[in-house]
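Peer 1: Dumping the structure here so I can ask a few things about it.
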Amino acid sequence: MPQQAASCSFDFLSALEVPKRLHPSALGLSSLVRRSVSARRHQAFKRVGRGRSRDLTGSQAASMSAEDRRNLHAFRDYVTKTLDPTCILSYMAPWFKDDEVQHIQAEKNNKGTMEAASLFLKFLLELQEEGWFRGFLDALVHAGYSGLHEAIETWDFQKIESLEEYRILLKRLQPEFKTTVNPKDILPKISECLISQECEEIIQVCSNKGLMAGAEKMVECLLRSDKENWPKTLKLALEMDENKFSQLWMVDKGAKNAESKVLEDDEIETSDIQIFYKEEPECQNLSQNLSPPSGTQHSSPTCTPLKPRNYQLELALPAKEGKNTIICAPTGCGKTFISLLICEHHLKKFPQGQKGKVVFFAIQLPVFEQQKSVFSKYFEKLGYKVAGVSGVTSENILMEQIVENNDIIILTPQILVNNLRNGTIPSLSVFTLMIFDECHNTGKHHPYNMIMFNYLDQKLGDSSDPLPQVIGLTASVGIGDAKNTMEAMEYICKLCASLDTSVIATVKDNLEELEEIVYKPQKFFRKVESRTTDRFKCIISQLMRETESLAKNIFDELESVSQIQNRNFGTQKYEQWIVSVQKACMVFQLPDKDEESRICKALYLYTSHLRKYNDALIISEHARMKDALDYLKDFFTDVRAAGFDEIEQHLTQRFEEKLKELESVSMDPSNENPKLQDLSFILQEEYHLNPESRTILFVKTRALVDALKKWIEENSELSFLKPGILTGRGKTNHNTGRGRARGSKCFLLTSNADVIEKEKINIYKENMMNDSILRLQTWDKAVFKEKVLQIQIQEKLIRDSQGKVEPVPDKENKKLLCRKCKGFACYTADIRVVEDCHYAVVGDAFKKCYVSKLHPKPKTFGHFEKRAKIFCARQNCSHDWGIHVKYKTFEIPVIKIESFVVEDITTGAQKLYAKWKDFPFEKRSFDPTEMSE
C-alpha cells in the first residue's frame, strides 16, 4: 500500500411558400440560397470587399437586405440552436432598444436560451436601419461565434450540421457526464470551444450550486458550440484528465460499435491497494533544458547541453549502428532521451542531397502531446521540422503534405494505418526510421501490428523498395502466458519477429550507473485482517440491488442489463459492468425516439448511482466508513442542486431513509479498518527510522485518494505528515523520488492471501523474462535472425490464409434507414459497387429521398468527379449521406454506410455498421449497361 522513498410574422417570406417550421434543406433551399447569394455578392464585393452596404446603390442595399432577411429566417433553426443572444447584445447596442435587450435577457432567465434566441431573431429581422446585418456578423465575431459567423457569411451550415450526431450523443450521455466529469478540471482544456461568457457562467454555477449543476451547464454550452473541433477537444481533455467518461465519449468513426469487455478476475486487481508504475514520457529534466547534446550553431549559448549517461549510450548503440532494435529498460531511465539521440544520429548520417524521415508512434493522446512537445523543442533548435497528427487533429489535414514537408512526424498509430489503407501514404518506404513507444503492444489487432503487417508484407514480397529502420521502446517485453523459460523465449522471439528486430538492447555494462538512477524498491507483503462484520456494506449492497432491479425493470432486453446478477459489489469488475451497460445504451435504438430517450436516460441515471455506491464500498474497504458515507452525502447534495428529476428524487429518498443507520454504523469505533491500523504502524515505524522518508500510497480511485488524505490529516499519530495528491499523468518534480530512490521499500497490504500469491507470481514472471532475454542475447546473431525470419514466414502464411476466408454474404434484401431520423432510404438490392470500394445507389426512387448541395471542395480523383454532397430530404433531418459524383459519363449518388441503419425486412432487427467491409450483404458490381437500360 505505501511505498517509501528517500528522497473540465414575416409576410415577405410567403412568396417562397416555405412552411414556418420546414427545414430549408428539405426543399433544397440551402443550394438555392447559396447560388443566389454567391452571384450577387460577387458583384457587390468587387468594390467594397467585406463591407456590406457601403458604396452600394440604394436598390442594391435594399435587395441584399431583403435577401439576408429571407436567408436568416430560412436558417433560423440553426441560429436558435447555437446562439446565446445575451453574449452578443452588448455589441448590438446601436440597433437594439433598451427594453428589447431587457426582454431578451428576461426570456433567457424565464424560458431558456433557445427561446431568447428566437426573440432576438424576431427583433433582428424587424430592423430597417442600414448596416444591421453587417453589425450582426461583426457582433458574432467579437463574441467568439466563429463557426456561426462563417456559416451565415456563406449560407452553408454543413459544418454545424455535421456536429449533430455528437449533440445527440452528448444529450444521451448527459446523466453520466454530470456525475462523472468535474467541470472545473476540464474547462481550461475546452474553453476555446466555448464563448468566454459561457465559461464564466459555468464557473459561477459550480460555485453557487455545485459541480454537478456546473457539469449540466457545461453540457448545455457544448450542445450550442459552433466549433467544428469541440467533440475531439473534449475527448482529449477527458483523456488527459484520465476521466472515466472518456470511455463513452467516442469520436472516431465506427467507435460507437465498440463493445467493452468485462474483465475476468485474473485480469484485474493484482492487489487490494494497487501498486503500479505508469509508463510515462521520461523527459527527466528535458522540459527545463532541451538543448541538443552535440554543440551546433543552432544551440542556445545560454543552455548547457544535456550529456547522455553511459547506460543510455549503451542502449542506443545498436540502433545507431542501423540495427532494428527493441530497447528494454526500466521506467525512469530516460528512454525518450535515448530516442532523441537515435533520431539525431539517424538524420545526420545521410549524405548531402539525401534526407532521413522519422515517424514516432505514441498510443495515448496525452503521451502523444508530450512527445510532440519534447521532439519539437529539441529538434527545431537543430533546424529540423517536426509535426504531429493524432485523431484529434487529423481532420482537414493532408497527410501527404505533412510527411513531405517534415523531418520528424509524431503520430498516433491508427492515423498511419488509415492512410496506408486509403493509399494516401503509398508505403512505409517514405520513412527511414520508425520508433514504436510501448512496443510490447505489437500483437493481435493492435494498430502497431497493422503497421508491421504492411512492413512484413513488403519485406517478404517482391518489393525492392527500401524499408525503414525499426526501433521499439518498452519497460517490459512481457512473456504472455509462458509457464517456463523456453515458452518465454518463444514469446519474446515472436515480438521480435513482429517488429523485425534482430537485437534486444538492455543495460549490462553500466548496471551500477542505471541502479543509481533507477533503484528497484524492496518489496514486503503484509496480510491484514478484515472487519469481522460489515453492516455498512450490507446496507449499501441492498440499495444497489434495489437500484439494479429498477434498471432491469426499465428495459431488460439489453444484454448487459440482463447479465446484472451475480456481480460483486465494491470491485473494479463491477465498474467494468457499468461501463458495458452505458456503452450498450450508446447504440440502443427504438422506433419510438421518445421512448428510446427515456430508457437511456433512466439507465444512465441508475448506473451512475450504482457507480457512486460501488466507489463508496471501495472507500469503506480500504479507508474509513465515515469517508465513504461523506462521499455519498456529497454526491446526493450535488444531485439535489442539479436537475433532480423523478428518478433522482426516488433514489435520493431511498438513500436518506438509510442515512441514519449508515451514520450510526460509520461512527461505531468497532468498525475501524484494520488496514489503516497496520498502515499507521508502518508509517510511524519507517519515519522513526528515517525522518526524511517520503511515502507514496497507490490506490484504485480518486475518491479513495481523497479519503486516505483526510484520514492522515485527522490522525493525531500521523500529524508529522503533510499529504499531497498526485493523480494520473500529473507532472512530478524530478527530485521527488517516485519510489525509485536508493533504500526505497514497497509494502503490499491486503486481507486476501490470493493477492499476495499473485504478486509473487508476477515477480517470478519478471525474473523469467529477464532470464529469457539474457539467454537470447547469447544466441548467434545469424541463428537469431533465422529464427525471427521463420516466425515471420509462418505468421504470414497464417495471416494470408485467414485473409482469404470471406464471410458468407446475406442474400436477403435489407432496408437502409437514415441513422438520424430513421426514414427509409433504399434497399440493398439497389446498391452497386463501383471500382471495388465505392457504393452507389441506382434507380429513380432513391433520388426522391435526398437533396444535394454543391460540394464545398469539389475534386477529381481517377474516374470520379466529386460534385455535390447529398443529405436526407426528410423535414428537420438533413443528415449527411454521402456525395454525388460523375463517374465516367454517369451521374451517381455514392453513400457511406455509417450514415444508415440496416433493418431486416422480416424481423425488423436493426444493426449499425462502421464500414462497408463489415456489412456482409450480397454485393453487385456497377454495370454501365444496366444504367443505359
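Glycine is no exception: its Cβ is also placed from the backbone N, Cα and C atoms.
Fair warning: this is a prediction, and the values are worked out from it, not measured in the lab.
Taken from TrEMBL, the feature Zn(2+) binding site covers Cys818, Cys821, Cys872, Cys877. The annotation domain 'Helicase ATP-binding' is assigned in TrEMBL to 316-495. The domain 'RLR CTR' annotation in TrEMBL covers 802-933.
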Peer 1: If you draw a 10 Å sphere on the Cβ of Cys818 (Zn(2+) binding site), how many other Cβ atoms land inside?
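Peer 2: Around Cys818 (Zn(2+) binding site), other Cβ atoms within 10 Å: 22.
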Peer 1: Return the count of C-beta atoms lying within 10 angstroms of the C-beta of Cys821 (Zn(2+) binding site), excluding that atom itself.
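Peer 2: The Cβ of Cys821 (Zn(2+) binding site) has 14 Cβ neighbours within 10 Å.
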Peer 1: Using the CB centroid of Cys818, Cys821, Cys872, Cys877 as the Zn(2+) site centre, which other residues of the same chain sit with their CB within 8 A?
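Peer 2: Here the non-site neighbours turn out to be Arg819, Lys820, Lys822, Gly823, Ala873, Arg874, Ser878, His879.
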Peer 1: Mind giving me a neighbour count for Cys872 (Zn(2+) binding site)? Other Cβ atoms within 10 Å of its Cβ, every protein chain shown.
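Peer 2: I get 26 for this one.
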Peer 1: Near Cys877 (Zn(2+) binding site), how many other Cβ atoms are within 10 Å of its Cβ?
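Peer 2: If we count other Cβ atoms within 10 Å of Cys877 (Zn(2+) binding site), we arrive at 18.
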